[in-house]
Amino acid sequence: MAGGGFGNEGGNLKRAHLYEYKITNYFIFACLVAATGGSLFGYDLGVSGGVTSMDDFLKEFFPKIYRRKQAHLHETDYCKYDNQLLTLFTSSLYFAGLVSTFGASYVTRNKGRRASILVGAVSFFLGGAINAGAVNITMLIIGRILLGAGIGFGNQAVPLYLSEMAPAKHRGAVNQLFQFTTCMGILIANLINYKTDKIHKWGWRLSLGLATVPATLMFVGGLALPETPNSLVEQGRLEEAKRVLVKVRGTPNVDAEFADLIEASDAARAIKHPFRNLLQRKNRPQLVLGALGIPAFQQLTGMNSILFYAPILFQTLGFGSGASLISSVLTSGMLVLATLVSMALVDRFGRRAFFLEAGFEMFCYMIAVAITLALKFGEGETLPKAIGWFLVVIICLFVFAYGRSWGPLGWLVPSELFPLETRSAGQSMVVCVNLLFTALIAQCFLVSLCHLKYGIFLLFAGLIFIMSSFIFFLLPETKRVPIEEVYLLWKDHWFWKKYVEDDDEKDIRKPTT
């Protein structure tokens with residue numbers, strides 16, 4: 001088939017049919033606590049756009065933008081917020097995150113997933129505190145850098161932690177707890193922004209300072225977290241690993257799964273340079289799909305532009321400050337609802353179906369936004385309220401499609417693809433590429449909106465078509481395949497099988513001299 005799907009759902013896998021598990025309270029606790037790491041990422045995504053649209057914040061740090069906003073200049077409506085220093089306030093966090101994720105890779109591999117979660121919580125707490133007390137742009141940027149380091153560590157460790165703790169049958173839903181808490185963070189941040197916008201002079205400080213709350217919860221909960229069995233085996237702590245596996249699975253019959261962990265760990269120990277190993281020919285599918293393609297395309301959907309700048313975007317479209325924040329609450333609420341739908345159904349229908357169906361919808365919605373803006377919005381014209389609310393509905397539908405596809409699956413699928421020997425390095429690449437494109441989109445969206453106008457949405461539509469084709473042709477189905485046996489999928493894929501031939505097969509074909 002064109003997509004190279006794995007039709008028998010693991011029929012060729014080695015020990016998967018011997019795995020046993022129960023859903024225990026211990027397992028539920030560990031996953032819920034770890035998933036709070038997503039709330040750090042989500043809270044910042046939600047709070048940044050709201051704060052940068054607040055008049056009190058603009059007066060203190062960006063007075064030129066405030067004066068431009070109040071003056072109703074006869075310039076194109078698309079350019080009201082075009083300021084690179086303002087966008088640097090948002091994007092500096094993501095540039096810091098992509099750098100810190102390489103340090104997170106070392107900690108995650110050598111000290112464990114739990115250690116990275118704790119480091120991320122501390123760094124995010126410090127960043128939130130500094131931003132709340134900022135008196136100049138330098139303090140704002142320093143705070144954002146610390147927030148970025150926290151997100152770099154958290155985003156590196158949490159998806160791995162959830163995927164490794166989950167039984168294969170429920171891995172999709174469990175991993176998407178990260179996306180769910182991310183979406184809840186966005187929603188809560190938008191609700192807080194709506195309230196603090198009415199607290200003049202210092203409301204924005206409260207919005208930024210409350211970032212310390214999820215960081216505190218993550219740190220305190222992280223102290224009680226068990227390390228994943230995969231990580232313990234990787235560190236050579238075999239007896240402890242088996243005890244944790246028995247406790248997490250709720251059964252003493254874990255020999256088959258534990259044997260797979262040992263086997264994967266033995267292969268991992270032979271790899272001294274995991275980043276270099278990731279570049280090898282046999283790891284080409286994981287590199288292209290997991291480390292580069294999916295995390296880049298997740299940002300190129302245009303979704304994060306809407307999340308970053310939803311209040312600014314809606315103000316640009318003619319909504320007042322309060323109405324624009326309400327619109328942001330609506331979009332973030334749709335994101336939470338979509339994630340619940342994805343969690344409930346992704347392990348039944350599979351990853352590819354969600355990617356492709358939602359991709360078609362997202363393409364149509366972006367075309368609709370572009371056409372509407374081209375016809376009804378432009379140089380100093382007031383956008384009719386009916387058209388404005390039509391755009392809100394279309395954006396909400398776009399968010400709903402993204403929230404059940406590229407949003408959660410952009411983290412889930414890469415975390416499933418890497419073998420243990422390159423898993424921490426691979427996840428670092430995922431986070432690095434994700435945050436690099438997040439930062440570039442954050443830095444370039446407002447200036448692109450200014451110059452391309454409605455054409456920016458046509459550009460996103462074209463990118464969505466390309467990424468959907470990428471998924472259709474290159475991604476096999478990974479639902480219900482044990483994480484340590486996903487590598488066997490590549491041997492049956494129409495395209496990737498030529499890259500993952502066994503070494504002994506290649507040796508046979510080598511000419512003798």
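Note: Cβ is positioned from N, Cα and C throughout, glycine not excepted.
Long-range contacts of the transmembrane segment (23-43) within the same chain: residues 113, 117, 120-121, 124, 150-151, 154-155, 157-158, 161-162, 165-166, 170, 174, 177-189, 210-211, 214-215, 217-218, 221-222, 224-226, 247-250, each at least 6 residues beyond the stretch ends and with a Cβ under 8 Å from a Cβ of the stretch. As annotated by TrEMBL, transmembrane segment applies to 23-43 (among others).
Per-residue pLDDT, averaged across the domain 'Major facilitator superfamily (MFS) profile' (30-479), gives 85. Marked as domain 'Major facilitator superfamily (MFS) profile' by TrEMBL: 30-479.
Residues or ranges marked as transmembrane segment by TrEMBL: 85-108 (among others). Remote same-chain residues near the transmembrane segment (85-108) are listed as 44, 48-49, 52, 61-62, 65, 115-116, 119-120, 123, 137, 140-141, 144-149, 151-153, 155-157, 160, 231, 274-275, 308, 424-425, 427-428, 431-436, 438-440, 442-447 (criterion: CB distance under 8 Å, separation of at least six residues from the stretch ends).
Annotation comment: TrEMBL describes 115-135 (among others) as transmembrane segment.
Annotation comment: TrEMBL describes 174-192 (among others) as transmembrane segment.
According to TrEMBL, the feature transmembrane segment maps to 204-225 (among others).
Among residues of the same chain six or more beyond the transmembrane segment (287-310), those with a C-beta under 8 A of the stretch's C-beta atoms are 45-46, 48-49, 52, 81, 90, 186, 190, 278-279, 324, 327-328, 331-332, 362, 366, 395, 398-399, 402, 406-407, 409-410, 413-414, 417-418, 426, 429-431, 433-434, 437-438, 440-442, 445-446, 456-457, 460, 463-464, 466-467, 470, 474-475. Per TrEMBL, transmembrane segment is recorded for 287-310 (among others).
Annotated transmembrane segment per TrEMBL: 322-346 (among others), in sequence order.
Annotation source TrEMBL lists transmembrane segment at 353-375 (among others). Counting residues 6+ beyond its ends, the transmembrane segment (353-375) has Cβ neighbours under 8 Å at 301-302, 342, 345-346, 387, 390-391, 394-395, 397-398, 401-402, 404-406, 409, 453-455, 457-458, 460-461, 464-465, 467-468, 471-472, 475 in the same chain.
Feature annotation from TrEMBL assigns transmembrane segment to 387-407 (among others).
If you look up TrEMBL, you'll see 428-448 (among others) marked as transmembrane segment.
Listed by sequence, the residues of this chain that lie at least six past the ends of the transmembrane segment (454-475) yet keep a Cβ under 8 A from its Cβ atoms are 2-4, 285, 288-289, 293, 297, 300-302, 305, 351-352, 355-356, 359-360, 362-363, 366-367, 369-371, 373-374, 377, 406, 413, 445, 448, 495-496. The annotation transmembrane segment is assigned in TrEMBL to 454-475 (among others).
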Contacting positions for the transmembrane segment (174-192) when only residues 6+ beyond its ends and CB under 8 Å are counted: 31-32, 34-47, 50, 158-159, 162-163, 165-166, 206-207, 210, 214, 307, 310, 325, 328-329, 332-333, 335-336, 338-340, 342-343, 346, 403, 407-408, 411-412, 415-416
Residue numbers, six or more beyond the limits of the transmembrane segment (115-135), whose CB comes under 8 Å of its CB atoms: 34, 37, 40, 100, 104, 107-108, 142-154, 156-158, 161, 205-206, 208-212, 214-216, 218-219, 222-223, 225
Non-local residues, at least 6 beyond the ends, that sit with Cβ under 8 Å of the transmembrane segment (322-346): 46, 49-50, 53, 172-173, 176-177, 179-180, 183-184, 186-187, 189-191, 193-194, 197, 306-307, 310-315, 354, 392, 395-397, 399-405, 407-409, 412, 479
Sequence-remote partners of the transmembrane segment (204-225) [C-beta within less than 8 Å, at least six residues beyond its ends]: 29-30, 33-34, 36-37, 39-40, 43-44, 47, 50-51, 54, 56-57, 114, 117-118, 120-122, 124-125, 127-129, 131-134, 143, 147, 150, 154, 185, 189, 192-193, 196
